[in-house]
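Okay, structure first, notes after.
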Amino acid sequence: MIGDIRETKECQLKDPMDLFHSGQVVKICAPMVRYSKLAFRTLVRKYRCDLCYTPMIVAADFVRSAKARDSEFTTNKGDHPLIVQFAAKEAQVLCDAARIICPFADGIDLNCGCPQRWAISEGYGACLINKPELVKDMVRHVRSQIDNPKFSVSIKIRIHEDLKRTVDLCQKAEAAGVSWITVHGRSIEERHQPVHYDAIKTIKQSMSIPIVANGDIKTLKDAENVHHLTEADGIMVARGLLANPAMFAGYEETPFQCIQDWVDIALEHGTPFTCFHHHLMYMMERITSKQEKKVFNVLSSTSAVLDYLNDHYGV
């Protein structure tokens, strides 16, 4: 990581807010555990993704441990604009993490949406939507301690059953200087229920900062529909991009060139086999038969995967 990071110091960091002022809907790759790492970010950027997030990083570990920093965060010159997402519950810890990351990224995002039990039991993630004063305090602290005015501070939230509480949270964050807010249109309890796009629209209409819509967006057509329904300034996609990293470029399913690009990028970055293979399983889900999946999904080495792709697809 350190070699990569030194390189980055020489490059010009970008102002993510410029994207929101461009007049175009901002196309965003979501923070995904294990998956939205440097190699995958490099791939989706080739296919018209405007802004990428890292996977969520626990701020306290990041601040405390050089080992955690090395394993959790890698970047390079082309990896911009980049938002680093942190799980935090104390303003100063988030500030310390932001200060470390500031020379190498374009902004930080506070995770207020992760519904996993471990995160909530630790005081991270979605439980923060019930602590608007703490969220406000964390945003304000980072704003006051980071000198770079172009460095963005955003939050990603879920909604409350009572939407007035969500609007109140967002307005408090806006007053503290938050750059934009990503809204996953489900409550903490909801997993696979329909996304409440009407709630995202209500939040958008209550705010003067950019709002990003998130939840169940699988295709570029979905993204356009959600933009129309919510009037959001940006669209954030997770699983849709895993299944088709070329989605934002208008492809209905993963093109073979994208698979070839992933192979080249992953090998260049030294991507661990499990991650390399899992991404391919996602990408090829819609374009392979059940029989082909049975064979491909149990391959156990990079060379076996490369042989299979070469024999079957000429990749």
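The backbone N, Cα and C atoms fix where each Cβ goes, and this holds for glycine too.
These come from TrEMBL:
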type	residues	note
DOMAIN	29-292	domain 'DUS-like FMN-binding'
BINDING	PRO31, MET32, VAL33, GLN85, HIS184, ALA238, ARG239	FMN binding site
ACT_SITE	CYS114	active site, proton donor
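Here the features listed in TrEMBL are painted onto the structure.
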residue : record                    : Cβ contacts under 8 Å, 6 or more apart
PRO31   : FMN binding site          : TYR53, THR54, PRO55, MET56, GLN85, ASP109, ASN111, LYS156
MET32   : FMN binding site          : PRO55, ALA238, LEU242
VAL33   : FMN binding site          : PRO55, MET56
CYS114  : active site, proton donor : MET56, ALA87, ILE120, TYR124, GLY125, ALA126
HIS184  : FMN binding site          : GLY113, LYS156, ILE157, ARG158, ILE159, VAL195, ASN214, GLY215
ARG239  : FMN binding site          : LYS218
With every protein chain in view, how many other Cβ atoms are within 10 Å of the Cβ of GLN85 (FMN binding site)?
25
When a 10 Å sphere is centred on the Cβ of ALA238 (FMN binding site), how many other Cβ atoms does it contain?
21
